[in-house]
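Residues or ranges marked as transit peptide in Swiss-Prot: 1-25. The domain 'Exonuclease' annotation in Swiss-Prot covers 43-207. Look at Swiss-Prot and you will find 47, 147 tagged as Mg(2+) 2 binding site, backed by similarity to another entry. The site 'Important for dinucleotide binding' annotation in Swiss-Prot covers 53, 96, 164. Among the features that Swiss-Prot reports, phosphotyrosine is placed at 122. Residues annotated as N6-acetyllysine in Swiss-Prot: 173. The feature active site is assigned by Swiss-Prot to 194, with similarity to another entry given as support.
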């Protein structure tokens, strides 16, 4: 409904001058409406690396963002920023974070970064404003509910631009693991680099796998039934 409203607003803007532009105005309006509806179907893929999962004390140290269409084709690659945090916070990270962020080179990169949290939010907000209409496109990612908590707190303007719903690949993963265990065995394995852009790319590939190998079965079955029913129906003379 929201996507249609966006397209309708675009259509009214062009179609309202119908007397001046005639059929061309209607055609342009239809194209604008279709474009608006298409943009409303986009997904905003985000991954964060944090100093931990405690929302009260931990902070974002890396963020990346990609935009896909509803078919999971990547349309735009956004910023991939490393955010400056005080050494005291890095020194107080858990052993797990120290090991993995140290091994990936992220800890060193955070110490060398000059990008503030406010600057990062501005960059990401500018990017999603160019790529998506306000309030219509959901946040997507793996266990993205955890990222959302930090974004709600530290990047509220960025989150305000997105739809309130999320697309969490980890939910799909857990359902497929329970309902289609034989297919799930072939799901792509994660490299676990614990870097933001790599993690997003892996999440998109994982959801593509579920769509092509699990959701597709039901879609093909439905198409087959429609075709069979259509072929069985005889035209009325």
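Positions of Cβ are set from backbone N, Cα and C atoms, glycine also.
A map of Swiss-Prot features onto the structure.
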{"residue": "47", "record": "Mg(2+) 2 binding site", "contacts (Cβ under 8 Å, 6+ apart)": "63, 64, 141, 142, 147, 196, 197, 199, 200, 203"}
{"residue": "53", "record": "site 'Important for dinucleotide binding'", "contacts (Cβ under 8 Å, 6+ apart)": "146"}
{"residue": "96", "record": "site 'Important for dinucleotide binding'", "contacts (Cβ under 8 Å, 6+ apart)": "none"}
{"residue": "122", "record": "phosphotyrosine", "contacts (Cβ under 8 Å, 6+ apart)": "none"}
{"residue": "164", "record": "site 'Important for dinucleotide binding'", "contacts (Cβ under 8 Å, 6+ apart)": "none"}
{"residue": "173", "record": "N6-acetyllysine", "contacts (Cβ under 8 Å, 6+ apart)": "142, 184, 187, 206, 210"}
{"residue": "194", "record": "active site", "contacts (Cβ under 8 Å, 6+ apart)": "49, 100, 101, 104, 106"}
Task: Number of other Cβ atoms within 10 Å of the Cβ of residue 147 (Mg(2+) 2 binding site) across all protein chains - done: 22
Open item on the list: I want to verify one value. Collapsing DSSP to three states, which class is residue 96 (site 'Important for dinucleotide binding')?
Closed with: helix
